[in-house]
Amino acid sequence: MSKAGTKITFFEDKNFQGRHYDSDCDCADFHMYLSRCNSIRVEGGTWAVYERPNFAGYMYILPRGEYPEYQHWMGLNDRLSSCRAVHLSSGGQYKLQIFEKGDFNGQMHETTEDCPSIMEQFHMREVHSCKVLEGAWIFYELPNYRGRQYLLDKKEYRKPVDWGAASPAVQSFRRIVE
């Protein structure tokens with residue numbers, strides 16, 4: 001395991017079988033080592049894994065654990081090509097501000113907790129901008145932590161494209177904790 005305590009292993013076949021690729025650091029393109037990915041073992045850290053090279057396409061956040069089939073990480077298929085370690089909040093502090101309009105305009109809600117439904121909790125249909133003041137967060141396009149995922153680090157996001165989304169469809173979010 002690396003000095004930082006991060007390690008992830010990708011396997012071509014289900015249940016940790018077949019050829020495998022180990023990583024303890026960010027990798028922009030590992031698809032040359034594996035033709036597909038059907039299972040993953042995260043031995044240290046929390047990882048963002050991406051469908052395409054250069055950290056593009058669908059992204060999935062995987063905390064420490066075993067994922068014997070791609071459905072276990074909510075994958076759409078067996079294609080993964082890049083990965084990066086997620087840097088978690090030091091001190092365990094989390095704070096997020098979400099806005100109903102772009103450029104931090106309109107109604108603002110501040111939270112330090114996970115939210116399974118922004119409609120139920122904040123009476124908002126979409127998130128058009130946000131400020132991550134503390135910690136790392138995941139936005140989900142559907143309620144109850146489902147659908148496409150977006151990783152947000154500590155910074156300001158003036159519009160959805162800033163966090164990698166094509167639209168403001170954010171229906172739930174949660175803190176990344178280990």
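Just so it is clear, glycine is given a Cβ too, placed from its N, Cα and C backbone atoms.
Checking the ranges 2-5, 50-53, 78-81 against Swiss-Prot, the region 'N-terminal arm' annotation falls on 2-5.
Among the ranges 16-21, 64-69, 88-93, the one that Swiss-Prot lists as region 'Connecting peptide' is 88-93.
Summarised as a single figure, the pLDDT of the domain 'Beta/gamma crystallin 'Greek key' 1' (6-44) averages 95. Here the domain 'Beta/gamma crystallin 'Greek key' 3' (94-134) is broken down by DSSP into helix, strand and coil counts: 8 helix, 21 strand, 12 coil. For the domain 'Beta/gamma crystallin 'Greek key' 1' (6-44), the list of distant contacts is 53-55, 62-70, 73, 78-85: same-chain residues at least six beyond its ends, Cβ to Cβ under 8 Å.
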